Amino acid sequence: MVLERLLVMPETIFLNFVDMDLGAITKYSALHAKPSGLILQYGTAGFRTKAEHLDHVMFRMGLLAVLRSKQTKSTIGVMVTASHNPEEDNGVKLVDPLGEMLAPSWEEHATCLANAEEQDMQRVLIDISEKEAVNLQQDAFVVIGRDTRPSSEKLSQSVIDGVTVLGGQFHDYGLLTTPQLHYMVYCRNTGGRYGKATIEGYYQKLSKAFVELTKQASCSGDEYRSLKVDCANGIGALKLREMEHYFSQGLSVQLFNDGSKGKLNHLCGADFVKSHQKPPQGMEIKSNERCCSFDGDADRIVYYYHDADGHFHLIDGDKIATLISSFLKELLVEIGESLNIGVVQTAYANGSSTRYLEEVMKVPVYCTKTGVKHLHHKAQEFDIGVYFEANGHGTALFSTAVEMKIKQSAEQLEDKKRKAAKMLENIIDLFNQAAGDAISDMLVIEAILALKGLTVQQWDGLYTDLPNRQLKVQVADRRVISTTNAERQAVTPPGLQEAINDLVKKYKLSRAFVRPSGTEDVVRVYAEADSQESADHLAHEVSLAVFQLAGGIGERPQPASDGEGTPH
Ligand code: 16G
Ligand code: MG
């Protein structure tokens, strides 16, 4: 069949495909054979499923990364991780030239390629090259990283097989956090201007900015300088341990769930803490001590503490975004620059955070669909775009023009203004501009708290979260639910949004929405209201409406019990 196609192709394309060693591809593909009938989707953050089903996907993503690299004439990243998911799972995602998530049309190619049966694989590969006008004679370079899962090493080897068989060059970074791989890709495609594409380059860039920044802090008591970090038994522990001595002048970190005994993401990590609203196992917390949790690949962070009465308080992505954007705004006022700052959230952002940002801080807030790529994209529209999901994914982006302006101000302005410009310059260096990064966010937060002399309680006290509840509902086909207005309104099935509107009216300060999950076969329900009881009732009632109107299967949704059914 391939020969048939080649004969009818124009000459240039014909020459092009001679550059694919189809025999070798077939041979190697057979060594990474697809279990027949298995269908997977390139979801919100790549492919994710049980590790034993992923060998062929890894090989094929190696192939795809080479095509993407040839097309963009840039280095492409491949990260092997399943983030906060259980240890038995794994996953893979491609990183585009400037550290962003893969372009949507290529996500579709990824899904087609991963699902092609063995005998169709070559055809799909050729189709993608054709559609995307890939010049196969172009060189390709792919960088690879992996998390600490037992399955990750072998799976990343399969990626390498895919890269090599298509003639791509590669560099295997081995163990890396996801944001570190994004950083490497970004550095390599910007000619080293952003930083050095090595792990030391990353440590040095961030630590230098952090140490310079915290030198300016007048409050230097121990209280500001020590932090407990739950590393989810993942890669964050390894990397933080390596990095610790680079920034120890400014901060001492005590690591928990460092992978020496516990299981990855089990009863610990950012996802566990956020969903269950309780501290991770294996961490002893004294009252008012500042603690944080990373997820399994260290691209999410949440903070928390116990108050004097032993009550647990969570400080999620929304409050992190608030702290960061208010500090940035203060610095800009000091420098006298009127740059436009925007904060980007999703529908999951607590209503109190949105209100605080808009009404108290007077910062414009925008809402996008769930998933880092949507927030990242929106944040790029501003001079300074701060984006965070409530679950702790986020960073701040600075346009190149802003970065240059600030660097100039740091040289030119007089004393006080100059100091503020210098701080901003350090903050720009400290944020990972390529992706939300738990390590980088942690250092920014620690620096801001020290500079402002804020305790964790004072930070928490900026506003009070509205009680909320999240549930999931099983339906026969979650695609029957479609949404609009950044997932805040359901368009189909008919009648669902009207039902939600009627339910919401029954409670004070209430809000609710439903959306099909991008990572699991469920519909997610979110509700918030003036009391926990109301939020729980509302979430339950909305779940029943989804069950009835969107083809619920299995047991009817039950009222929430603590920590049940929480998402991502
Ligand atoms: C993925 C996304 C995360 C999002 C979550 C939503 C990235 C790197 N990760 O984990 O941002 O919050 O999916 O999951 O984009 P859901 O669609 O199942 O609710
Ligand atoms: Mg993650």
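Every residue, even glycine, has its Cβ placed from backbone N, Cα and C.
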Which residue range, 154-181, 182-209, 210-237, 406-433, is the one TrEMBL calls coiled coil?
406-433
Matching residue for the Mg(2+) site, where TrEMBL names Asp295, Asp297, Asp299 - out of Ser74, Ser83, Ser517:
Ser83
Site of maximum Cβ density within 10 Å, from recorded positions Ser83, Asn391:
Ser83
Where the C-beta lies under 6 angstroms from ligand 2, the matching recorded positions among Ser83, Glu389, Asn391, Pro516, Gly518:
Ser83
At a threshold of under 8 Å on Cβ distances, which of 70-116, 197-302, 316-453, 495-543 pairs most often with the domain 'Alpha-D-phosphohexomutase alpha/beta/alpha' (137-186)?
70-116
Secondary structure at Gly518 (substrate binding site), reduced by DSSP to three states:
coil
Within the chain of Glu389 (substrate binding site), which residues six or more apart in sequence place their C-beta under 8 angstroms from its C-beta?
Gly317, Gln345, Thr346, Tyr348, Ala349, Thr370, Val372, Leu375
Counting Cβ pairs closer than 8 Å, which of 70-116, 197-302, 495-543 has the most of them with the domain 'Phosphoacetylglucosamine mutase AMG1' (316-453)?
197-302
Cα-Cα distance linking Ser83 (active site, phosphoserine intermediate) and Gly518 (substrate binding site), given in Å to the nearest integer:
14
